[in-house]
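Asks: The following feature annotations were taken from Swiss-Prot:
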- Met1: N-acetylmethionine (MOD_RES)
- Ser26: phosphoserine (MOD_RES)
- His121: active site (ACT_SITE)
- Cys163: active site (ACT_SITE)
- Cys163: S-nitrosocysteine (MOD_RES)
- Arg207: (Microbial infection) ADP-riboxanated arginine (MOD_RES)
Amino acid sequence: MENTENSVDSKSIKNLEPKIIHGSESMDSGISLDNSYKMDYPEMGLCIIINNKNFHKSTGMTSRSGTDVDAANLRETFRNLKYEVRNKNDLTREEIVELMRDVSKEDHSKRSSFVCVLLSHGEEGIIFGTNGPVDLKKITNFFRGDRCRSLTGKPKLFIIQACRGTELDCGIETDSGVDDDMACHKIPVEADFLYAYSTAPGYYSWRNSKDGSWFIQSLCAMLKQYADKLEFMHILTRVNRKVATEFESFSFDATFHAKKQIPCIVSMLTKELYFYH
């Protein structure tokens, strides 16, 4: 392992007000009850990459060296999967919200899925624009089934490379060694989302200044190797293992040296997801 120093994607913000999320009723939908998502629409879908590297001085946040490596790796990976990739750099929180709102209003009826990758500083439930924080829920809510009807019943993948707190994982040594007769045409508005977080709740997320973040490196490598062979959750399990076993932080600050990381997958997918068909 090359001893280039690792960084974290975190910025502590005090006195954030909690958001109250009101429930919503299900909506009518002609969803098929097959076990896997239909991925043979005319288009695979959009892949939006928001790559925030440089932040306003007023935020006190440092530049995220290595993030351009992640963005380039992601562009190549998802283009190879036939996604239409749109890369946006250094967006303010207002620009992030505006972009996500506009994308959600597009006609996705000929698209199989939707992918959004967020590369930035973060905290639990928060991603940072270049000038301040955005509630992740505010971003993802635009794509709920009752608000983005052309993506209803289709997989919506949010990949988030950012810290979720300030805890450090020191690691530990180990010894190796739906029924057909359910004619339901309503689905929950929060169904068919998947959130792939780079780290567990409350923890730092590591990024190498030369090679990019551990999580994005691993995600792209596993997609390139297995996207034509394995179901997506199986691929993400391999990503978890790669990050957990092959990476360890190197820092001249002893507090941040020899630390570990484990990604966290939160799935509300209702079917298996294969990128091939």
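Cβ atoms are placed via backbone N, Cα and C, with glycine included.
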Asks: Cα of Cys163 (active site) to Cα of His121 (active site): how many Å, rounded?
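Replies: Between the Cα atoms of Cys163 (active site) and His121 (active site), the distance comes to 6 Å.
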Asks: Would you mind reading off the Cα separation of the residue listed as '(Microbial infection) ADP-riboxanated arginine' from His121 (active site), to the nearest angstrom?
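Replies: Cα to Cα, the residue listed as '(Microbial infection) ADP-riboxanated arginine' and His121 (active site) are separated by 11 Å.
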Asks: List nothing but the one residue from His121, Cys163, Arg207 whose Cβ has the fewest other Cβ atoms within 10 Å; the candidates are the recorded positions.
Replies: His121
